Amino acid sequence: MRTILNLLLIVVFTFIGAHSETLNQILSEIGTISPDELSRKIEKLPQEEKIKLEILLLSYSGEDRKVKELIDKLYSGKLITNILELPKDLPAIVVDKTNEVLYVVKMVKGAPFIVRKFPCITGKRPGDKLEEGDLRTPEGIYFPLYWKSHLPPIYGLGAFPLNYPNIIDRKILKKDGHGIWIHGTNNPNRPPHSTNGCIVLKNEYLKEVKRLIVPKRTPVVIVSKLSLSSRNEFLKEQRSILNFILHWKKAWEGTTSDIKPYLNCYSKEFVWKGGDYRSWERYKKRISRHKRWIRIKLSDITAVKDGRLLKFGNLYVVRLKVKYDSNNYRSISNKVLYIIKEGNRWKIIGEENL
(Lines of atoms letter the chains of each structure in order from A and count residues from 1; the text may use other names and numbers.)
(Lines give C-alpha, C1' and ligand atoms only; values in the text may rest on other atoms or scores of the structure.)
Protein backbone atom coordinates (compact mmCIF):
# COMPACT_ATOMS: atom_id res chain seq x y z
CA MET A 1 0.00 0.00 0.00
CA ARG A 2 2.86 2.37 0.79
CA THR A 3 4.31 1.87 -2.69
CA ILE A 4 0.93 2.68 -4.27
CA LEU A 5 0.63 5.81 -2.13
CA ASN A 6 4.11 6.90 -3.18
CA LEU A 7 3.14 6.41 -6.82
CA LEU A 8 -0.08 8.30 -6.17
CA LEU A 9 1.75 11.33 -4.80
CA ILE A 10 3.96 11.41 -7.87
CA VAL A 11 0.96 11.12 -10.18
CA VAL A 12 -1.07 13.82 -8.44
CA PHE A 13 1.77 16.31 -8.65
CA THR A 14 3.17 15.25 -12.04
CA PHE A 15 3.06 18.12 -14.49
CA ILE A 16 1.95 20.56 -11.78
CA GLY A 17 4.03 23.43 -13.04
CA ALA A 18 3.69 26.82 -14.56
CA HIS A 19 0.64 26.12 -16.69
CA SER A 20 -1.27 23.12 -15.27
CA GLU A 21 -2.34 23.29 -11.64
CA THR A 22 -5.97 22.41 -12.30
CA LEU A 23 -6.32 19.36 -10.06
CA ASN A 24 -4.12 20.88 -7.39
CA GLN A 25 -6.31 24.00 -7.29
CA ILE A 26 -9.52 21.99 -7.01
CA LEU A 27 -8.11 19.92 -4.14
CA SER A 28 -7.14 23.10 -2.31
CA GLU A 29 -10.68 24.50 -2.71
CA ILE A 30 -12.52 21.53 -1.20
CA GLY A 31 -14.51 22.80 1.76
CA THR A 32 -14.59 26.38 0.51
CA ILE A 33 -16.89 25.94 -2.52
CA SER A 34 -20.34 24.37 -2.89
CA PRO A 35 -20.76 20.73 -4.02
CA ASP A 36 -22.38 21.92 -7.26
CA GLU A 37 -19.48 24.23 -8.06
CA LEU A 38 -17.01 21.48 -7.19
CA SER A 39 -18.86 19.11 -9.53
CA ARG A 40 -18.75 21.64 -12.38
CA LYS A 41 -15.02 22.19 -11.93
CA ILE A 42 -14.33 18.45 -11.94
CA GLU A 43 -16.38 18.05 -15.12
CA LYS A 44 -14.20 20.67 -16.86
CA LEU A 45 -10.94 18.92 -15.94
CA PRO A 46 -8.81 17.62 -18.84
CA GLN A 47 -8.97 13.83 -19.25
CA GLU A 48 -5.48 13.36 -17.80
CA GLU A 49 -6.46 15.28 -14.66
CA LYS A 50 -9.65 13.20 -14.32
CA ILE A 51 -7.57 10.02 -14.34
CA LYS A 52 -5.38 11.46 -11.58
CA LEU A 53 -8.47 12.29 -9.52
CA GLU A 54 -9.81 8.76 -10.03
CA ILE A 55 -6.47 7.38 -8.84
CA LEU A 56 -6.69 9.56 -5.75
CA LEU A 57 -10.19 8.31 -4.89
CA LEU A 58 -9.38 4.65 -5.55
CA SER A 59 -6.27 4.81 -3.38
CA TYR A 60 -8.31 5.84 -0.37
CA SER A 61 -10.58 2.85 -1.03
CA GLY A 62 -7.63 0.47 -1.04
CA GLU A 63 -8.10 -0.46 -4.72
CA ASP A 64 -4.39 -1.02 -5.36
CA ARG A 65 -4.84 -3.09 -8.53
CA LYS A 66 -7.08 -0.49 -10.17
CA VAL A 67 -4.69 2.28 -9.12
CA LYS A 68 -1.81 0.50 -10.87
CA GLU A 69 -3.92 -0.03 -14.01
CA LEU A 70 -4.76 3.68 -14.16
CA ILE A 71 -1.14 4.70 -13.61
CA ASP A 72 -0.15 2.46 -16.53
CA LYS A 73 -2.93 4.04 -18.62
CA LEU A 74 -1.83 7.55 -17.69
CA TYR A 75 1.77 7.00 -18.73
CA SER A 76 1.16 4.43 -21.51
CA GLY A 77 4.17 2.43 -20.33
CA LYS A 78 6.62 5.02 -21.67
CA LEU A 79 9.54 6.23 -19.61
CA ILE A 80 12.06 9.04 -20.05
CA THR A 81 15.03 7.72 -22.00
CA ASN A 82 17.68 9.84 -20.29
CA ILE A 83 17.37 9.00 -16.57
CA LEU A 84 18.45 5.46 -15.66
CA GLU A 85 19.26 5.63 -11.94
CA LEU A 86 19.09 8.24 -9.18
CA PRO A 87 19.61 8.19 -5.41
CA LYS A 88 16.35 8.11 -3.48
CA ASP A 89 16.56 11.73 -2.31
CA LEU A 90 17.86 13.29 -5.53
CA PRO A 91 15.90 14.60 -8.53
CA ALA A 92 17.39 15.11 -11.98
CA ILE A 93 16.90 18.04 -14.35
CA VAL A 94 16.12 17.42 -18.03
CA VAL A 95 16.02 20.42 -20.37
CA ASP A 96 14.15 20.09 -23.68
CA LYS A 97 15.69 22.82 -25.84
CA THR A 98 13.22 22.62 -28.72
CA ASN A 99 10.14 23.06 -26.56
CA GLU A 100 12.00 25.11 -23.92
CA VAL A 101 10.78 23.09 -20.96
CA LEU A 102 12.77 22.20 -17.83
CA TYR A 103 11.60 18.91 -16.31
CA VAL A 104 12.22 17.70 -12.77
CA VAL A 105 12.50 13.91 -12.67
CA LYS A 106 12.52 11.50 -9.72
CA MET A 107 12.82 7.73 -9.47
CA VAL A 108 9.67 5.96 -8.29
CA LYS A 109 9.75 2.21 -7.83
CA GLY A 110 12.94 2.05 -9.91
CA ALA A 111 11.60 4.08 -12.84
CA PRO A 112 11.86 7.79 -13.76
CA PHE A 113 8.79 10.02 -13.52
CA ILE A 114 8.37 13.70 -14.29
CA VAL A 115 7.23 15.43 -11.09
CA ARG A 116 7.43 19.10 -12.15
CA LYS A 117 7.93 21.12 -15.29
CA PHE A 118 8.80 24.76 -15.88
CA PRO A 119 9.04 26.90 -19.02
CA CYS A 120 12.59 28.04 -19.71
CA ILE A 121 14.54 29.99 -22.33
CA THR A 122 17.56 28.62 -24.23
CA GLY A 123 20.05 29.78 -26.86
CA LYS A 124 19.32 32.03 -29.83
CA ARG A 125 20.58 29.46 -32.32
CA PRO A 126 19.47 25.82 -32.63
CA GLY A 127 21.79 22.84 -32.43
CA ASP A 128 24.57 21.76 -30.10
CA LYS A 129 27.18 24.24 -28.88
CA LEU A 130 30.48 23.88 -30.72
CA GLU A 131 32.50 26.98 -29.94
CA GLU A 132 32.57 30.10 -27.83
CA GLY A 133 30.16 32.79 -28.97
CA ASP A 134 27.98 30.58 -31.20
CA LEU A 135 24.85 31.49 -29.14
CA ARG A 136 23.86 27.83 -28.70
CA THR A 137 22.95 25.96 -25.53
CA PRO A 138 25.20 22.89 -25.22
CA GLU A 139 23.67 19.42 -25.28
CA GLY A 140 24.99 16.79 -22.92
CA ILE A 141 25.18 15.96 -19.24
CA TYR A 142 26.45 18.49 -16.73
CA PHE A 143 26.42 19.23 -13.02
CA PRO A 144 25.71 22.53 -11.23
CA LEU A 145 28.88 23.50 -9.37
CA TYR A 146 27.56 26.04 -6.83
CA TRP A 147 24.99 28.80 -6.34
CA LYS A 148 25.90 32.42 -7.16
CA SER A 149 23.91 35.43 -6.00
CA HIS A 150 24.47 39.23 -5.92
CA LEU A 151 24.99 39.21 -9.68
CA PRO A 152 24.16 41.90 -12.27
CA PRO A 153 20.40 42.32 -12.87
CA ILE A 154 20.50 40.33 -16.11
CA TYR A 155 20.91 37.15 -14.03
CA GLY A 156 17.82 37.77 -11.91
CA LEU A 157 17.67 35.88 -8.62
CA GLY A 158 21.02 34.16 -9.14
CA ALA A 159 22.71 31.36 -11.05
CA PHE A 160 24.05 27.81 -11.01
CA PRO A 161 27.22 27.60 -13.17
CA LEU A 162 27.45 24.22 -14.94
CA ASN A 163 30.65 22.24 -15.44
CA TYR A 164 30.70 22.97 -19.17
CA PRO A 165 32.95 22.10 -20.91
CA ASN A 166 33.52 18.71 -19.27
CA ILE A 167 36.43 16.42 -20.06
CA ILE A 168 34.66 14.82 -23.04
CA ASP A 169 33.85 18.24 -24.49
CA ARG A 170 37.43 19.43 -24.14
CA LYS A 171 39.52 16.39 -25.02
CA ILE A 172 37.37 14.37 -27.45
CA LEU A 173 34.74 16.67 -28.97
CA LYS A 174 37.20 19.60 -29.01
CA LYS A 175 34.64 22.14 -27.82
CA ASP A 176 35.43 25.44 -26.19
CA GLY A 177 33.46 28.21 -24.56
CA HIS A 178 32.50 28.65 -20.94
CA GLY A 179 30.00 30.36 -18.65
CA ILE A 180 26.96 28.15 -19.26
CA TRP A 181 24.61 28.78 -16.35
CA ILE A 182 21.09 28.09 -15.19
CA HIS A 183 19.98 31.54 -14.07
CA GLY A 184 17.00 33.80 -13.46
CA THR A 185 15.70 36.88 -15.22
CA ASN A 186 14.13 40.13 -14.07
CA ASN A 187 12.30 40.42 -17.40
CA PRO A 188 9.01 38.46 -17.20
CA ASN A 189 8.42 39.04 -20.93
CA ARG A 190 11.76 37.80 -22.20
CA PRO A 191 11.17 36.14 -25.61
CA PRO A 192 11.89 32.46 -26.33
CA HIS A 193 15.28 31.35 -27.67
CA SER A 194 16.93 34.61 -26.62
CA THR A 195 19.95 33.60 -24.49
CA ASN A 196 23.61 33.45 -25.44
CA GLY A 197 23.66 29.77 -24.45
CA CYS A 198 22.47 29.76 -20.84
CA ILE A 199 19.23 28.22 -19.54
CA VAL A 200 17.02 30.98 -18.15
CA LEU A 201 14.03 30.66 -15.82
CA LYS A 202 11.70 33.28 -14.41
CA ASN A 203 12.81 34.13 -10.87
CA GLU A 204 9.72 32.52 -9.34
CA TYR A 205 10.50 29.23 -11.10
CA LEU A 206 14.23 29.40 -10.36
CA LYS A 207 13.39 29.79 -6.67
CA GLU A 208 11.56 26.45 -6.78
CA VAL A 209 14.26 24.72 -8.84
CA LYS A 210 16.96 26.04 -6.49
CA ARG A 211 15.42 24.08 -3.62
CA LEU A 212 15.77 20.86 -5.62
CA ILE A 213 19.34 21.21 -6.92
CA VAL A 214 22.26 19.83 -4.94
CA PRO A 215 25.55 21.21 -6.34
CA LYS A 216 27.87 18.57 -7.83
CA ARG A 217 25.19 15.88 -7.37
CA THR A 218 22.14 16.86 -9.41
CA PRO A 219 22.54 15.85 -13.08
CA VAL A 220 21.39 18.33 -15.71
CA VAL A 221 20.63 16.53 -18.97
CA ILE A 222 20.26 18.95 -21.89
CA VAL A 223 18.62 17.43 -24.97
CA SER A 224 17.34 18.71 -28.28
CA LYS A 225 13.97 17.12 -27.56
CA LEU A 226 12.61 14.87 -24.82
CA SER A 227 12.39 11.20 -25.84
CA LEU A 228 10.66 8.19 -24.29
CA SER A 229 11.21 4.43 -24.34
CA SER A 230 9.22 1.38 -23.35
CA ARG A 231 9.51 0.07 -19.80
CA ASN A 232 11.18 -3.13 -21.03
CA GLU A 233 13.81 -1.20 -23.00
CA PHE A 234 14.43 1.05 -20.01
CA LEU A 235 14.86 -1.85 -17.56
CA LYS A 236 17.21 -3.70 -19.91
CA GLU A 237 19.47 -0.66 -20.32
CA GLN A 238 19.32 0.19 -16.60
CA ARG A 239 20.32 -3.33 -15.53
CA SER A 240 23.07 -3.52 -18.12
CA ILE A 241 24.90 -0.34 -17.12
CA LEU A 242 24.52 -0.97 -13.37
CA ASN A 243 25.91 -4.48 -13.83
CA PHE A 244 28.87 -2.96 -15.66
CA ILE A 245 29.55 -0.60 -12.75
CA LEU A 246 29.55 -3.57 -10.37
CA HIS A 247 31.94 -5.43 -12.69
CA TRP A 248 34.24 -2.36 -12.85
CA LYS A 249 34.31 -2.13 -9.05
CA LYS A 250 35.19 -5.83 -8.64
CA ALA A 251 37.84 -5.58 -11.36
CA TRP A 252 39.36 -2.56 -9.58
CA GLU A 253 39.53 -4.49 -6.31
CA GLY A 254 41.12 -7.37 -8.21
CA THR A 255 44.01 -5.33 -9.63
CA THR A 256 46.20 -6.58 -6.77
CA SER A 257 46.42 -9.94 -8.55
CA ASP A 258 45.42 -9.22 -12.18
CA ILE A 259 45.05 -5.75 -13.67
CA LYS A 260 43.85 -6.85 -17.13
CA PRO A 261 40.09 -7.15 -16.34
CA TYR A 262 40.19 -3.62 -14.91
CA LEU A 263 42.01 -2.14 -17.90
CA ASN A 264 39.57 -3.95 -20.21
CA CYS A 265 36.83 -1.73 -18.74
CA TYR A 266 38.45 1.24 -20.51
CA SER A 267 38.33 2.30 -24.14
CA LYS A 268 41.60 2.82 -26.00
CA GLU A 269 40.21 6.33 -26.67
CA PHE A 270 40.03 7.00 -22.90
CA VAL A 271 40.91 10.46 -21.58
CA TRP A 272 41.56 11.76 -18.07
CA LYS A 273 43.24 14.76 -16.47
CA GLY A 274 46.64 13.10 -16.88
CA GLY A 275 46.36 12.38 -20.60
CA ASP A 276 45.25 9.39 -22.67
CA TYR A 277 44.78 5.63 -22.27
CA ARG A 278 48.52 4.87 -22.39
CA SER A 279 49.34 7.26 -19.57
CA TRP A 280 46.40 5.86 -17.56
CA GLU A 281 47.63 2.29 -18.09
CA ARG A 282 51.15 3.18 -16.92
CA TYR A 283 49.77 5.06 -13.91
CA LYS A 284 47.53 2.19 -12.81
CA LYS A 285 50.19 -0.47 -13.31
CA ARG A 286 52.63 1.55 -11.22
CA ILE A 287 50.10 1.92 -8.38
CA SER A 288 48.97 -1.71 -8.41
CA ARG A 289 52.51 -2.96 -7.77
CA HIS A 290 52.31 -1.54 -4.25
CA LYS A 291 48.86 -2.90 -3.40
CA ARG A 292 48.31 -6.00 -1.27
CA TRP A 293 44.56 -5.47 -0.98
CA ILE A 294 41.89 -2.98 -2.11
CA ARG A 295 38.34 -2.52 -0.84
CA ILE A 296 35.90 -0.19 -2.56
CA LYS A 297 32.43 0.94 -1.51
CA LEU A 298 30.17 2.66 -4.04
CA SER A 299 27.18 4.81 -3.09
CA ASP A 300 25.05 7.74 -4.27
CA ILE A 301 24.89 6.31 -7.81
CA THR A 302 23.45 8.38 -10.65
CA ALA A 303 23.25 7.01 -14.21
CA VAL A 304 22.01 9.17 -17.09
CA LYS A 305 22.05 8.99 -20.88
CA ASP A 306 23.04 11.71 -23.33
CA GLY A 307 20.38 12.51 -25.93
CA ARG A 308 22.87 12.81 -28.80
CA LEU A 309 24.21 10.12 -31.12
CA LEU A 310 27.91 10.98 -31.24
CA LYS A 311 30.68 9.54 -33.42
CA PHE A 312 31.17 6.77 -30.84
CA GLY A 313 27.43 6.22 -30.30
CA ASN A 314 25.44 7.11 -27.22
CA LEU A 315 27.24 8.55 -24.21
CA TYR A 316 26.25 7.55 -20.67
CA VAL A 317 27.36 9.32 -17.51
CA VAL A 318 27.61 7.68 -14.10
CA ARG A 319 28.33 9.82 -11.06
CA LEU A 320 29.09 8.02 -7.81
CA LYS A 321 30.71 8.37 -4.44
CA VAL A 322 33.75 6.13 -4.10
CA LYS A 323 35.16 5.13 -0.73
CA TYR A 324 38.58 3.64 -1.48
CA ASP A 325 40.58 1.70 1.09
CA SER A 326 43.85 -0.18 0.60
CA ASN A 327 46.92 -1.26 2.53
CA ASN A 328 48.66 2.09 1.89
CA TYR A 329 46.03 4.65 0.87
CA ARG A 330 42.48 5.77 1.69
CA SER A 331 40.23 8.30 0.00
CA ILE A 332 36.66 9.41 -0.60
CA SER A 333 35.87 10.97 -3.97
CA ASN A 334 32.94 11.96 -6.17
CA LYS A 335 33.76 10.36 -9.49
CA VAL A 336 32.17 10.88 -12.90
CA LEU A 337 32.51 8.09 -15.48
CA TYR A 338 31.74 8.70 -19.17
CA ILE A 339 30.73 5.39 -20.71
CA ILE A 340 30.07 4.15 -24.26
CA LYS A 341 29.33 0.88 -26.03
CA GLU A 342 32.08 -0.60 -28.20
CA GLY A 343 30.37 -3.42 -30.04
CA ASN A 344 28.31 -5.02 -27.28
CA ARG A 345 30.72 -4.15 -24.47
CA TRP A 346 30.59 -1.19 -22.11
CA LYS A 347 33.77 0.88 -22.03
CA ILE A 348 34.78 3.93 -20.00
CA ILE A 349 35.91 6.69 -22.36
CA GLY A 350 36.45 9.43 -19.78
CA GLU A 351 36.83 9.87 -16.04
CA GLU A 352 37.05 12.91 -13.76
CA ASN A 353 36.29 13.98 -10.21
CA LEU A 354 33.81 16.67 -9.21
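Every residue gets a Cβ built from N, Cα and C, even glycine.
Predicted, not measured: the structure shown is a model, and the values here were computed from it.
Other C-beta atoms found within 10 angstroms of the C-beta of His183 (active site, proton donor/acceptor) number 22, with every protein chain shown included. Reduced to three states, the DSSP call for His183 (active site, proton donor/acceptor) is strand. Residues or ranges marked as active site, proton donor/acceptor in TrEMBL: His183.
Reduced to three states, the DSSP call for Cys198 (active site, nucleophile) is coil. According to TrEMBL, the feature active site, nucleophile maps to Cys198.
Mapped onto DSSP helix, strand and coil, the domain 'L,D-TPase catalytic' (91-223) counts 18 helix, 43 strand, 72 coil. The domain 'L,D-TPase catalytic' annotation in TrEMBL covers 91-223.
Cα-Cα distance from Cys198 (active site, nucleophile) to His183 (active site, proton donor/acceptor): 7 Å (rounded to the nearest whole number).
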